[in-house]
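Notes follow once the structure below has been shown.
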């Protein structure tokens, strides 16, 4: 049987990269490109070792665990044991989830007669029972499917505890308030595709210019308003949205310097976001004063976690 080592290595390189990337996504832990590259190259090198006298070491469970630990160390580094163990176990979870999915889909489409020819599901020959072509196309599909399911689980978890502490910084002004994570908020800036969050006037405590809360105004009026300096004017935009009554409206929004969210013992630095302003109360009970976009949580960078 002819074994194309370069093809096997390239396929493993692709799979290892996707697994490490999925691990990073699940952990919400950004990885520097050079670390991801080195981790992927090291992980894929096992293909080469399996064709050397060192192969028995890598077939042994302890050898596999040590090899995997080095992969995690290269990719995610080491800060403390709990974080390292979390990364290690999540990497295995990703591998089992994708690998199990591939086998499940493959055997789902096999007829009962086909099982007899599989030699008790032997995987000794390269390419059987799961063909390389099936892996090439099936792996990305299952990767995307798994990521979507994990994102949905995260959102459902947030909905059980929807409130978060929010800190908004803009032009030297710091606003601290309580926000609600609204999974139904699908509003984006149509030009930049930036997610939009809402902030009530009540939360600003007079720290923001009064003019910004004049609903129904237009950007030109604000541009000519002497109470707004050039720094503020450069941050403003108007975002169209559909009101509760079905009418199309415009809302004033600004681009903050940063938005930090504290939720469930985790502190996240939000990605780029537009802060839309309203003079109306967002909560009848007054228990929150801003509405967060789910993308702020899904794509936020973790800057602190509970120990």
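Using N, Cα and C of the backbone, Cβ positions are placed for all residues, glycine too.
All protein chains included, residue 182 (active site) registers 20 other Cβ atoms within 10 Å of its own Cβ. According to its DSSP assignment, residue 182 (active site) is coil. Feature annotation from TrEMBL assigns active site to 182.
Per TrEMBL, the feature transmembrane segment maps to 6-27 (among others).
Sequence-distant contacts of the transmembrane segment (34-51), counting only residues of its own chain at least 6 positions beyond either end whose CB sits under 8 Å from a CB of the stretch, comprise 5, 8-9, 12-13, 16-17, 19-21, 24, 57-59, 67, 70-72, 74-77. Per TrEMBL, transmembrane segment is recorded for 34-51 (among others).
Residues or ranges marked as transmembrane segment by TrEMBL: 57-76 (among others). Tertiary proximity for the transmembrane segment (57-76) is limited to same-chain residues at least six positions away from its ends with a CB under 8 Å from its CB atoms, namely 16, 20, 23-24, 27, 29, 31, 35-36, 38-40, 42-43, 46, 49-50, 83-84, 87-88, 91-92.
According to TrEMBL, the feature transmembrane segment maps to 88-109 (among others).
Sequence annotations record features per position, and here TrEMBL assigns transmembrane segment to 129-146 (among others).
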Chain residues in Cβ proximity to the transmembrane segment (6-27) (below 8 Å; excluding those fewer than six residues from its ends, i.e. six or more beyond): 36, 39-41, 43-44, 46-48, 71, 75-76, 86-87, 90-91, 93-95, 98, 126, 132, 135-136, 139-140, 143, 146-147, 150, 302
